[in-house]
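Quick look at what TrEMBL lists:
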TRANSMEM  35-56  transmembrane segment
DOMAIN    41-484  domain 'Major facilitator superfamily (MFS) profile'
TRANSMEM  76-103  transmembrane segment
TRANSMEM  115-136  transmembrane segment
TRANSMEM  142-161  transmembrane segment
TRANSMEM  173-195  transmembrane segment
TRANSMEM  201-222  transmembrane segment
TRANSMEM  336-354  transmembrane segment
TRANSMEM  361-384  transmembrane segment
TRANSMEM  396-418  transmembrane segment
TRANSMEM  430-449  transmembrane segment
TRANSMEM  461-480  transmembrane segment
Amino acid sequence: MEVEAAPLLAPVAGGQRGRGLPPSGPDHSNEPIDWLMTSLLLFFPAVGGLLFGYDIGATSGALVSMTSQQWSGTDWYSLSAFQSGLVVSLSLAGALIGSGAALLYGDKLGRKKELLLASGLYGTASLIVALAPGLPTVMACRLLYGAGIGFAMHAAPAYIAETSPARVRGLLISLKEAFIVGGILAGYAASYVFVEQLGGWRWMYGLAAAPSLLLLAGMAWLPESPRWLLLSGSGQDVAAAALRKAKGRVASSAAVQAEIDQITDAMAASPMAQSGGGAFDFTELLRPRYRRPLAIGMSLMLFQQITGQPSVLYYAAKIFQAAGFSGAEEATGVSLILGFFKLLMTALAVATVDSWGRRPLLLWGVSGIVVALLALGTAQVGILPIPAELVAWTNLGALLLYVGAYQMSFGPISWLLCGEVFPLKVRGQAIALATLTNFGSNFLVSLLLPSVQEQIGQGATYFTFAVIGVVAVATLNAIVPETKGKTLEEIEALWAPADGGKSDA
């Protein structure tokens, strides 16, 4: 059942449109869809997300294999803690570099070329690391692979949003999160298969080359985003041809031209005369009409990382061990169960995002995260008289609640809204800034977390994250509108100033 929350949002300049367009707006519920073509427009870009998730899962096993005297197959297996940390974190550093490059050059390349570049970086890094003669080569390839992550996570949500039918856009962008979780599961599975084989880490990383080739082939065949083509000045004929291919069998000349006209009108109404091939002035993002969507995207990406995700997942193994799953085989099995649970909850979010709406899933999910963090903190510090034999199971239950609530909210909804709320003419740079915020805050939390936990303790850390979660709920409730069922141009109209654009000058 959809949760109505109109009174909780302040009106947007330009009319009472805090939740959406007036009731007289177009109805897209009967929009014809070629499901085969629509599925391909999702599948191939989402493979870029799958390769991100695969790296997370595979690295957990690759590090064990790489540092094993018996199974490493190298004479440099005895890595220091710092070197091991570099193997893990260099992909994140590469993602920051890729996101920065996307911020500067993404709109010049276009969504399709970005994803082709990402596939090349993924594939090259995977193949070279599988044959790496020494640790420096491994580290260089980890950085290179991370750059592919940065480009893919920037371009994929924009491409999917700009080519999806309005009435299923939430479903499709949310499914990208399911691909990421599926990639994590695939990485865990590869770790399980190869962890006790000689040089198994080479196989774990090298297998990523296969989906990289699939991403390359698929994106080479798919059309460029019609909206980006119009933004870059390629002309209506070129954009119409791309849109006709994207719509597949249900494309009609009238429907294609009507959508091209709608996009063109939305661009003409913008005060910003920016060409996708020219230099971009970042002060444009601070115009009044862009401040709220930028605040939404940046807040989502920041709160996604600073509400405890790295900490909770970092301690997942210890929580499982405390619950009695102490053996290596048992711990691996429980990790797979956790991965399947993440995937199940993501599937639930995907199935409901276009019926329940973005706001209810986001706000209720983040509230669930707060409850889970309070339970984890309480179990750690012993505030309540929980019997000792139940503490471990309290931790386990709270962990599952946290994972489930996260996968129903921040997991899919953050990237979905980032693909939706940014106006076309700043979408590339705005998503790049949001992606930088995501990876940058992730890096800082991971860097500072051990010191914070050492100073205040694990329980107090969870309580701190819970307080941040409360701030997140209040902030997101105040600024996030409902966008389900609207075209990107209708969403862009939410940010139009009341004076027709004069206040943007």
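From the backbone N, Cα and C atoms, a Cβ is placed for every residue, glycine too.
Fair warning: this is a prediction, and the values are worked out from it, not measured in the lab.
Simply put, out of 76-103, 201-222, 361-384, 430-449, 201-222 has the most Cβ pairs sitting under 8 Å from the transmembrane segment (35-56). With a threshold of 8 Å between CB atoms, the same-chain residues lying at least 6 positions outside the transmembrane segment (430-449) that come near it are 89, 92-93, 95-96, 99-100, 102-103, 106, 150, 153-154, 157-158, 285, 290, 293-294, 297-298, 300-302, 304-306, 310-311, 314, 414, 418-419, 422, 461. Long-range neighbours of the transmembrane segment (336-354) within the same chain, counting only residues 6 or more positions beyond its ends whose Cβ lies under 8 Å from a Cβ of the stretch, are 57, 167-171, 174-175, 177-178, 181-182, 184-185, 188-189, 192, 316, 361, 365, 399-400, 403-404, 407-409, 411-413, 416, 484-485. Ranking 115-136, 201-222, 361-384, 396-418, 461-480 by CB pairs under 8 A with the transmembrane segment (76-103) puts 115-136 at the top.
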